[in-house]
Ligand code: SF4
């Protein structure tokens, strides 16, 4: 019976032979009811491409402002200027948080924020400079392509100029947020006031061309259809073939609480564990050989499901996520130490490795 299922699937057959999967292959996998076969194939691909190591970074997450000119339907984080819990961190507050991150053993700071309606480029440059002046060894991973695109419009400065100036000020790499889902049909229903999918891709391409590597994410588990997932994965794959600038692919499970999608009853439950695992597995299979780091964001999945996801194609746990206000706003617990993540990996018989932002191993356990 199992043999019949495998032989009957062109996509599985092609995956097992190491061939690149087409759009139709991807759709076949999305519509497959055989999670076990899809997951096992993804696990084999993972083993062939990256071995048994499971990586993670000691990361500190910081959100410099929750003020946002946009108002995305899938976001629980943004505030408007008249709300009492709106905040913006000063350069000194940011530096103090980086110092705290260093004392926790973080090797990278992950800095993102809302689209602040008035802060100019010098705020962001000063942020980079004050961090690098006081903590030159800290890797600064900051500002999504969506933030950079917004800043370009706000300041009437080209994306290239902004990225060049931020790089000179100390920007080392960029996070993968703001990608959501690129397809215009779905993007228009989950974001409001954010760049288009193509604008995100163009912005990150310019970053890669300037030597700034980045992650890339995909927000799933809301109102998308299978074709939006496959479209997104193929666009990531095509850009990666062109620039080689993506470090890792991070599927992000939509977190329901306190979002407009929940309040308007457009989504009334979060995605099932089966769907979460399928997304990880299909991400591995669609990107195989082109982008081989597939991250499991345990903050959104929970630690137990994250362990299962690592056996369905995942090979990285992202990081310790010290201080993560965005997911906390939507009711998710955060914070985990390096040792906890190493234990999670050992429990499933794999090899934990602490990495830096660029996936170089720093420590094994
Ligand atoms: S997702 Fe980002 S851009 Fe959209 S409202 Fe939230 S903080 Fe603003």
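Quick reminder: no glycine exception, Cβ is built from N, Cα and C everywhere.
Nobody curates TrEMBL annotations by hand; they come from automatic prediction.
Because the structure is a prediction, the values reported are computed rather than measured.
Straight from TrEMBL, the features:
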type    : residues   : note
BINDING : 68, 72, 75 : [4Fe-4S] cluster binding site
BINDING : 180        : S-adenosyl-L-methionine binding site
DOMAIN  : 54-281     : domain 'Radical SAM core'
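Cβ-based neighbour count (10 Å, all protein chains) for residue 72 ([4Fe-4S] cluster binding site) stands at 23. Listed in sequence order, the residues 70, 71, 74, 77, 78, 114, 191, 192, 193, 194 complete the 8 Å Cβ shell around the [4Fe-4S] cluster site centroid, once 68, 72, 75 themselves are left out.
Across the structure, residue 180 (S-adenosyl-L-methionine binding site) and residue 72 ([4Fe-4S] cluster binding site) are spaced 11 Å apart at their Cα atoms. Of all Cβ atoms in the shown protein chains, 24 besides its own fall within 10 Å of the Cβ of residue 75 ([4Fe-4S] cluster binding site). With a 10 A radius on its CB, residue 68 ([4Fe-4S] cluster binding site) counts 23 other CB atoms from all the protein chains. Cβ neighbour count for residue 180 (S-adenosyl-L-methionine binding site): 27 (other Cβ atoms within 10 Å of its Cβ, all protein chains included).
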